[in-house]
C-alpha cells in the first residue's frame, strides 16, 4: 500500500467518519429542542436514541481496549448527546401521556357537570350541594395528577442498554483468564449487535410508513448522515482489517439506502384528506353533548369553568389568572 493510500484510508476516512458521526449524533438536537419548546414529541422517533447510547458506550470500551483515538473521538460526544436526547424524549413522552389522561378526565368532568345543568336551579340550602359537586370535580382532577401512570417504553430500552454494559463490563473486569484479544472480541460482538439495531432502528416505523403511505417518522438528516458515516467507517475498517468496524457499517449503509428508497417512494407528509383526526374528535365531542351550542354552554358554565381554568393553569397551557 502506498503512502498516499495509507493516508487516505487510515487517516482521511476515519477523520471524516468522526466528523460525520458527531454531526449525525447531533442531528436530532435541534428537532428535539423544538419539540420541547412545543411541548410534544410529534413525529420524532426516540427509539434509536436508546440504542445510540448503548452503541456509543460499547465503542468507547472497544476504543479504550485498542487505544484507538478515532473510535474514541467518534463516540465520546455521541454518548453525551444520547443521554440528553433520551432524557428529553422521556420527559415529552410522559407529558403527552399525562395530557391525554388530563383531557379525558376533563371531558368526563364536563359531561358530569352538564347533567347538573339540566337540574332546576337550586334554592336556599341546595347551595351546599353545588359546593359538594365542585369539590368532587376538583378532587377528580387532583387525583389524576397524582395517580396517572407513566409509560415506560423508552425507559425500558434505556435501562436495557445500561444493564447490558454494566453487567458485561463487570464480567470482563473480573475475567482474569481472558487475554486482551478475547476481551476485544467479546466487546466487538456485543457492540456490533447494538450497532446493527441502531442503524436499523429508524426502520422500526416501516410498518407505519407502509400503512400511512408517508415518511414523516423518518428523520432525514440522521438518515443521510448514517449512510455517509457508515460508508467511511466501512472503508476504514477494511483498511485496518478490523471487520468489527467494517461489517456493521456496511450493513448500516444498506439500511440507509433502504430508508432513502422509502423516502423517495412515499411522500413526506400525509395527504390533506387523511388528516381528519381533529375533526373526528370534535365531532365526537359534539355528539356527546348533543349540539355544539350545548357543548359551549357546558364548557362556559359557572360550575365547570373555574376548575377547567385551574387544570389548564396547573398543566401550563394558559397563564395563571390574576
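Think of each number as a place in line: the chain as shown, counted from 1.
Placed from the backbone N, Cα and C atoms, the Cβ positions cover glycine too.
The range from 218-239, 284-305 that TrEMBL describes as transmembrane segment is residues 218-239.
With pairs at least 6 apart in sequence, the transmembrane segment (157-178) and the transmembrane segment (218-239) have fewer than 3 Cβ pairs within the 8 Å limit; the two do not touch.
Within the same chain, residues 47, 50-51, 53-54, 57-58, 61, 86, 90, 186-187, 190, 194 sit at least 6 positions outside the transmembrane segment (157-178) and bring their C-beta atoms closer than 8 Å to a C-beta of that stretch. Here the transmembrane segment (245-266) has Cβ contacts under 8 Å with residues 71, 192, 195-196, 199-200, 202-203, 206, 209, 213-215, 218, 220, 223-224, 226-227, 229-231, 233-238 of the same chain, all six or more residues outside its ends.
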